[in-house]
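TrEMBL lists 7-28, 34-55, 67-86, 98-119, 165-185, 205-226, 233-252, 258-277 with the feature transmembrane segment.
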Amino acid sequence: MKKVRLLNFIPLIIAAPPVIIGVIVMYLHNVAVFTVGQNIFCLLIGGLISSFVVSRKEKMKGINTESITIFVSVILLFLTLINSGMEGVHRWISLGPIKFYVASIVLPIVIIKLSGLLVNGKQRATIITTIIVSLILLRQPDASQLTAFVIPMIILIWNNTRNNIIRFSIVGALLIMAVVSWVYLDALPPVSYVEEILSLAANTGIIWFVLGVISLVILPLPFIIFPPKNSKLISRCIGIYFIIILISTQFGNFPIPLMGYGISPIIGYFIAITWLVKDKVKKKNQIK
């Protein structure tokens with residue numbers, strides 16, 4: 001029982017270090033308290049909600065959560081294109097003074113739910129949705145999120161498709177979109193406490209930089225090292241998603257998740273890690 005209760009707080013335990021380190025670095029560099037406070041508030045609320053979701057028993061069997069979640073996510077992604085954007089870049093939906101970086105919130109759960117569609121034999125719906133989402137990300141444009149999305153989807157579709165023509169066609173189309181997104185990178189300048197938070201940490205002291213890097217490296221590891229028994233492929237694909245997000249920050253002005261300012265990557269990570277822990281807790285309860 002105690003082990004299961006500890007599992008309930010794993011999402012918070014893993015997400016906390018990069019957020020806290022980032023907050024301390026931002027505070028030491030006189031970033032506005034309102035800005036710094038958003039990350040801490042999101043961490044605490046996300047941790048509480050995650051713990052509740054992990055401990056809660058499933059009561060919605062039979063409801064098609066895959067289709068509903070994917071539909072809502074695609075609509076939210078599409079709405080970013082209608083938003084006024086910034087210097088031709090359309091990645092956000094504004095709610096008052098807060099801008100939500102939609103892709104970083106919804107893509108982890110979209111990958112998980114699309115995997116569910118594939119397992120249920122809905123190959124056509126999965127492929128069509130994957131192409132639509134990729135086109136939206138290409139239009140935003142967002143090379144980091146697009147690449148982090150298409151690579152896991154290529155792996156999932158390849159492993160769940162027997163037709164080689166479909167395999168190579170989808171792989172080719174998705175890779176072309178990813179390459180194009182990197183050829184035409186946006187020209188948005190970096191923000192010191194978002195895209196360059198690691199540089200800010202290094203300026204604060206080498207220990208902050210080292211701790212920051214370690215805390216970021218840990219983020220994808222649970223998905224790679226401790227995948228649920230019956231969901232190993234999708235778990236590792238989510239790990240690959242976060243690895244690509246982290247690596248891409250070294251090749252363009254992309255937000256460093258959790259450590260840099262921005263509640264959206266925190267929300268997205270909590271969604272993914274909560275799914276992982278929930279799946280493992282469910283399997284433990286079934287064994288009992």
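Backbone N, Cα and C define each Cβ position, glycine as well.
Note: TrEMBL annotation is automatic and uncurated.
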Beyond the flanks of the transmembrane segment (67-86) by at least 6 residues, Cβ under 8 Å: 92-94, 102-103, 105-107, 109-110, 113-114, 117, 129, 132-133, 136-137, 139-140, 188
Contact call for the transmembrane segment (34-55) and the transmembrane segment (233-252): at least 3 Cβ pairs under 8 Å, seq gap 6+: no
Per Cβ pairs under 8 Å, the stretch of 98-119, 165-185, 205-226, 258-277 packing most closely against the transmembrane segment (233-252): 205-226
Selected stretch (most C-beta pairs under 8 A with the transmembrane segment (98-119)) from 165-185, 205-226, 258-277: 258-277
